[in-house]
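Scroll down for the structure; my scribbles are underneath it.
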Amino acid sequence: MDSVSASGAQRQDEGLRERIRSSQAVDVNAVDQALATAGYGVTTDSRKNDNKKTFGRTPDGTVFTVPQTHDMVSQLLSPTEPKTVSDFVVLAILATHILIFVALAPEARISVFAAIYMFWRTSYNGGIGWLLHNQSHHNTMVRWATKSKIFVNPSTGENPHPTLYRLLKRDMETMIPEDYSFDDAPLEYNTWLVFRRIVDVILMCDFASYCLFALACGSRPENETALMTTLRWAAGWVLVLFNLWVKLDAHRVVKDFAWYWGDFFFLIDQELTFDGVFEMAPHPMYSVGYAGYYGISLMAASYKVLFISIIAHAAQFAFLVLVENPHIDRVYNPPPPRKRSIQHDSKDLHALNNSQTSPISDSFPATPDDKAAMRQPAPSSVHNLLGLHNLDLHRVTDSSVILIQLLVFALTVLTPSTPFYQYLFVANAAIWRCWYSIGIGYILHRQSKYKSWTRHFVKYGENTDEAWRQWKGSYHLSMTMCYASFIAATWKMYTMPSDWNHGLALLKHTLGFSLVALQIWTSVSIYDSLGEFGWFFGDFFFDAQSKLTYSGIYRFLNNPERVLGLAGLWGAALITSKGAIIFLALLSHVLTLAFIQLVERPHMQKLYGRSLRQDAGLVKSLKRSLPPPLQQLGGSVDRMMDESFEFVEELLDSARPKLATGVNTFMKDAKSLFRQYPARITISRLDDEVAAGYDLEDYSLEIEGTESSPSAQVERSSGKEGVHARAPPERRGDLKSLIFEYGAPIRVKWTAPLNHSKRDWVGLYMVTDNTRREVTRVSSQGRWIATNEGAYDSLTCEKGLISSDIVISASRRRDGENRDLASGEMVFSGDKLFWTTGVFEFRYHHNGKHNVMAISRPFEIRIGRFDEDDVLNMDNNTTSSNSDAIIQAAIEEALLPVVRNCFDRDPEIAPETYDEHFGSLVDRDGKYAKRVVFAVHQMFGIELAPEVVRADGNVRNMAWRICNAKKVLAPYSMSRSRGTSTPTTQEKELS
């Protein structure tokens, strides 16, 4: 696409501080009505001013006016802003840092302030990260505020902290003089205000302690000239000022709401415009927003400051990946609506079941949906190549790549680093780079113009999918060899510094490895944006989309591989400081630019024409900041580059016939030459309350679940046992063994004394995991539910809770006791279940600890095996022509309830019919497909990859695939009725 709209669903790669516009526009009349209901006055005369206000929306739907607030620095340091008690506390802490710095001896300042800074940095990335993670998943901070009642007016008599209430009210209303009332504001907003004051303390102390640490480490290197000192300080100040501009411009765009992670608490209904720094780089607050750290390191001329800056920067990226990005995906990028089932008439379904497939090279013929997919422009991506998680040694491409890499590694390590071998490795790297750029470029150029690669495979009866697979393998092998040979050459040319403190050795290694990391990040970002199809130039082989999509790193750069994608090569050149590696890096850069200009660009222009954008976000921002004469100069340079490449193209076109003639002559001579010359002790500590008087007879657990299929019951006595064990077991009571369906929800009913602890909880365990009945010694791993709502600072532990503390009178007790009981119900489903087979039990625990008060009956989760012989024997109309259709229909019937269980019976993703498509969340979260894979393996003995489940997309396609897989594997089966097996005695006699 030409440009990407700024909707939250489409900017998933942005940082949290780049909050996107709301999902819907504000209905002013509805807002006025909601505000009036909440007690806010809205008059007709103020209609014009209302359009400038920001409205917030809490998770429960409450709409409120979000008042204007000021940034942290202005609030603390501006004399025009009113000061609060918390402001003076922050200023006092900052002053304490300065006093400590002055009081310490110079030699002690470095270690002390390194420790202080790391404390505040850990508080930032670890402490704030932990708070935000729990707020995002469990609404923890708001629940704390609710339980502590610190925002409840003391006049009601419910607030146990009236002094804290008055202090917070005075501070907040002083800090926000307009459009704000502490008593009327929503709980979420007040909680956010308190949270941002904590953030103010941490951020200010983090930056202040860093600056003091840099000041303690600052020095001037020996023998440094005045010119070098001037340049060093000038470059440092440029980076610091650039950092300051990034922060100010980012705050101008996102305001305090996103600056302080406001959408972890509430959302705003407002259109946000993102420009400036957000067009320059991804996550500018965390990427280019840390340039000042390196500027300060440069001015301090200290490796200590540089390395602690790198550690802080890495911690910030970890904070982004682990805390912010998951929240962004959950809030702003929900799964799209699922595809509903498409109704077919009976004739279509009959034709679908009885369709015959033509022989193809794959072991599994294409399913009905696969046949439709073959008419689509792009192939389905099931068995990807890139990434260690996609490594498959059964695939010839992967095994070849691994073997060749081992060979390169062995040659690199075992050969000496003499000039001869150095020259050999450098020449090898140059040859592979030439092949990777020129050879691959020639193939793609021919494919773009004449479809020559595809035509070759069609000539031998193959299809486009086979051509695509072979191309991916060739390109993947070429790419890995290109970089492996470069790494080998770098290793041969590298010499370990004898003195790391001499010269710029340490700095060059640091910058070099940083450039390598930058190239790795760029490659990962490119792959995330393009996918497997784009990475392997899929639009050279299949019809492309009518509109380009600029997402991810391509929002900022048109061709990121042109500069950032080669940063690691220059990093290696910087580390080795050898002319040969510099030559390889320069050669690689020139060839890559030529590949983009001569191969990629013409093809993209042919496909997309005017829809190709001219300038990316970064270029637009830079052009806007340049004066008009320099902008014209940039256009002139672009024209000169285009004319130069056109001249080179014309030169190559004119020389091609002569080169072709020479190559043919060389090949003939070479062939003639080859023809001529062939040749422990456990002590359990019980809670005092348990020993003090709780009667264990008052506690009980009863469970209900969906019984497993009859085949699962039969498999317990299948003829493999001794003679006496084949008969059903004799039972002396009316209770039978509990065998439940795989993945089906399990309802748990509990009873406890009326005065039981509100922090009691029930957990699910495997029977073999706990050897003691009175104490649980294994963690529940999230498979637990609290008996009462609000007892824990987590929403997850309340998921599945149905009822609590329903009184059961003594007259209804079965054991004859005369005490009333409390009871409740809960349902374990989804992530609270074990997704495997085995024997399990529920345990009731006391007061948030692991003392066991009651244990349920053990129950088994078993998946019955599918027996096609039974299916055929039950159908009297079975013939050889319709047996496959009957078996496939039976597989569909057996598979549908299992798939629904694997998808948590969620109406958004679980299918209702055989043809209904799976929800899009199945593609995002791999756990659902892995559950189905396990169930299919247990039921049918067929092992599928999770990617196949996602690609099939519905139960009918999966049933078809399983049916055909069983047919393919039938010759290797020991079944009597299916496939070619060893002849039986009767068959021998008949023969």
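Cβ atoms here come from the backbone N, Cα and C positions, even for glycine.
Topologically, per Swiss-Prot, SER155 is found on the same side of the membrane as GLN470. Checking the ranges 280-300, 931-951 against Swiss-Prot, the transmembrane segment annotation falls on 280-300.
In Swiss-Prot, the feature transmembrane segment is placed on 511-531, out of the ranges 511-531, 553-573. Regional average pLDDT for the topological domain 'Lumenal' (1-84) in the model is 56. Across 85-105, 198-218, 280-300, 511-531, stretch 280-300 shows the highest tally of CB pairs under 8 A with the transmembrane segment (226-246). Shown for the topological domain 'Lumenal' (532-578): DSSP residue counts in helix, strand and coil, namely 27 helix, 0 strand, 20 coil. According to DSSP, the topological domain 'Lumenal' (445-472) comprises 23 helix, 0 strand, 5 coil.
Within the chain, the transmembrane segment (579-599) has long-range Cβ neighbours (under 8 A, six or more residues past its boundaries) at 422, 426, 429-430, 433-434, 436-438, 440-441, 444-445, 448, 486, 489-490, 493, 559, 561-562, 565-566, 569-570, 572-573, 641, 645, 648-649. It is 112-132 that, among the stretches 85-105, 112-132, 198-218, 424-444, 473-495, forms the most Cβ pairs under 8 Å with the transmembrane segment (303-323). Outside the transmembrane segment (473-495) by six or more residues, the chain places 385-386, 396-397, 400-401, 404-405, 408-409, 411-412, 417, 421-422, 425-426, 428-429, 431-433, 435-436, 439-440, 536-537, 569, 572, 575-576, 578, 580-581, 584, 588 with a CB less than 8 A from a CB of the stretch. With a threshold of 8 Å between CB atoms, the same-chain residues lying at least 6 positions outside the topological domain 'Cytoplasmic' (219-225) that come near it are 232, 300-302. Remote same-chain residues near the transmembrane segment (198-218) are listed as 72, 75-76, 86, 89-90, 93-94, 97-98, 101, 106, 109-110, 113-114, 116-117, 120-121, 123-124, 127-128, 260, 293, 296-297, 299-302, 304-305, 308, 312 (criterion: CB distance under 8 Å, separation of at least six residues from the stretch ends). Within its own chain, the transmembrane segment (85-105) is flanked in space by residues 75-76, 112-113, 116, 167, 170-171, 197, 200-201, 204-205, 208-209, 212, 215-216, which lie at least six positions past its ends and keep a Cβ under 8 Å from the stretch. With a cut-off of 8 Å between Cβ atoms, the residues of this chain six or more beyond the topological domain 'Cytoplasmic' (496-510) that come close are 303, 306-307, 310, 574-575, 577.
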